[in-house]
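Novice: Below is one structure. I have some questions about it.
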């Protein structure tokens, strides 16, 4: 696309970053200055009743800066990158039609990628193939199927944990139906995002600082009633660890504690470690991201001013 045709597209802002990096605070600050409306890009914040463990913006923050695509699914429901792209495009069109600018804020990098590049059509689920995979898992175990996936599709196998039957089953199913691996199918993207996008990533300058913030925030969540929040989900009786909602960082570890599998101290340790691992994956994604402007979360005023400097011209 030429620079001229790009310039004629509506504007959008991406504000990406690892967990606990101050994305929400910066987005709320920017909304006071720029004609933006916020869209959440987070696979955990979509769930109702999961507020504390996801660090969902509180009522006061949402009053100051409403976020779209929050609380749109029950924890029993799935939500794919394709679902997100469809919903985000609809919200972006609505915001643009009102003469304002979509500001997409969050840390689910797969969602940002799907939105920016489009999605390749994957084969539809096949009940017979799925049943065959599940039967094999029942007989041999999911670790055996993970080894099989390593031989077929080592790239997907590296991304999928052996204890993640939903994603593991889907990766194998896609190969058995199409004869192609997930990376092969996703190399050809669908429709690119029809917006002129300014992309920012915010993070602390040092990994140690981010680790400290993650640990502090996890303890703050516990002090704010995180255990009671998960107990309420646990008591429903229809939720389990195969669901994406309960596999969210923090929730999975608290669930193991409530099931009596680990001690409270072990839950805290694992929760902090899992959150740090999530942040590491997010930063790895962002380091390979093209055209991103990095911001230092320890200098919030400077970060705000840098965004304004880059996008200020579009505010009028």
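Glycine is no exception: its Cβ is also placed from the backbone N, Cα and C atoms.
Pulled from Swiss-Prot, these are the listed features:
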BINDING   17, 18, 19, 20, 21, 22, 23, 24  ATP binding site
BINDING   19, 20, 21, 22, 23, 24  substrate binding site
REGION    42-45  region 'Interaction with substrate tRNA'
REGION    166-170  region 'Interaction with substrate tRNA'
REGION    247-252  region 'Interaction with substrate tRNA'
REGION    280-287  region 'Interaction with substrate tRNA'
SITE      108  site 'Interaction with substrate tRNA'
SITE      130  site 'Interaction with substrate tRNA'
Novice: Can you give me the Cα-Cα distance between residue 23 (ATP binding site) and residue 130 (site 'Interaction with substrate tRNA') in Å, rounded to a whole number?
Specialist: 39
Novice: Select the most exposed residue of 23, 130, where exposure means the fewest other Cβ atoms within 10 Å, treating these as the recorded positions.
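Specialist: The recorded positions 23, 130 were compared, and 130 has the fewest Cβ atoms within 10 Å.
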Novice: Any residues 6+ beyond the ends of the region 'Interaction with substrate tRNA' (280-287) with a Cβ under 8 Å from its own?
Specialist: 16-19, 107, 109, 113, 201, 203
Novice: Other than its own, how many Cβ atoms are within 10 Å of the Cβ belonging to residue 22 (ATP binding site)?
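Specialist: Other Cβ atoms within 10 Å of residue 22 (ATP binding site): 19.
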Novice: What average pLDDT is reported by the model for the region 'Interaction with substrate tRNA' (247-252)?
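Specialist: When the pLDDT values over the region 'Interaction with substrate tRNA' (247-252) are averaged, the result is 97.
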Novice: Can you name every residue in this chain, apart from 19, 20, 21, 22, 23, 24, with its Cβ inside 8 Å of the center of the Cβ atoms of the recorded substrate site?
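Specialist: Once 19, 20, 21, 22, 23, 24 are set aside, the remaining close residues are 17, 18, 25, 55, 107, 202, 297.
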Novice: Would you please pick out, from the recorded positions 19, 21, 24, 108, the one with the fewest other Cβ atoms within 10 Å of its Cβ?
Specialist: 108
Novice: Please work out the number of neighbouring Cβ atoms within 10 Å of the Cβ of residue 17 (ATP binding site), leaving out its own Cβ.
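Specialist: Result for residue 17 (ATP binding site): 27 other Cβ atoms within 10 Å.
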